[in-house]
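What Swiss-Prot says about this protein:
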type: DISULFID; residues: 109-127; note: disulfide bond
type: CARBOHYD; residues: 39; note: N-linked glycosylation site
type: CARBOHYD; residues: 137; note: N-linked glycosylation site
type: SIGNAL; residues: 1-27; note: signal peptide
């Protein structure tokens, strides 16, 4: 003989169903948030305040600095070389940057063939890079338009094509360095301690 399920059993089933629905909703929200962050990382932000910094990018492979020589790019610059001084503009909260040679005013860009070139106009997405800070404290620059393609150089300072680069290659590892004479101007703010002034006691004179 078939017996109807008890009230307790029904309540348990409803509770389990409710828990399952909550987990599904939470998973969807996590996925949506992750997608939102990825989209914001790749999308340019014209609302946020842009930051402009001046520094050099030292190539781990060539032992020299990136140079923007007009339309030609290399990594053969000595410390303090005028063509190695780069104006780096942070474009979004997702670490997107545009890099311009201070001397030539040409932008570092990567074309559709993966070749590094200099361009006088940096508004194209080919001139935007995603800055990645690696575990070894080096920095890698991935193209915002061509995902997986990185700025990289050979030991002789020649540019590597984007399709031949990977994040774990030393060819794409760089270190930020201030130009000669600029480090002193970039010192962090320091607090100074002020000692409390003691009250001066006037000597008493006998009457």
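Note: Cβ is positioned from N, Cα and C throughout, glycine not excepted.
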Are there any residues at least 6 positions away along the chain from residue 127 (disulfide bond) with a Cβ closer than 8 Å to its Cβ? List them or say none. 98, 99, 107, 108, 109, 119, 121
So residue 137 (N-linked glycosylation site), by the Cβ count within 10 Å over all chains shown, scores 8
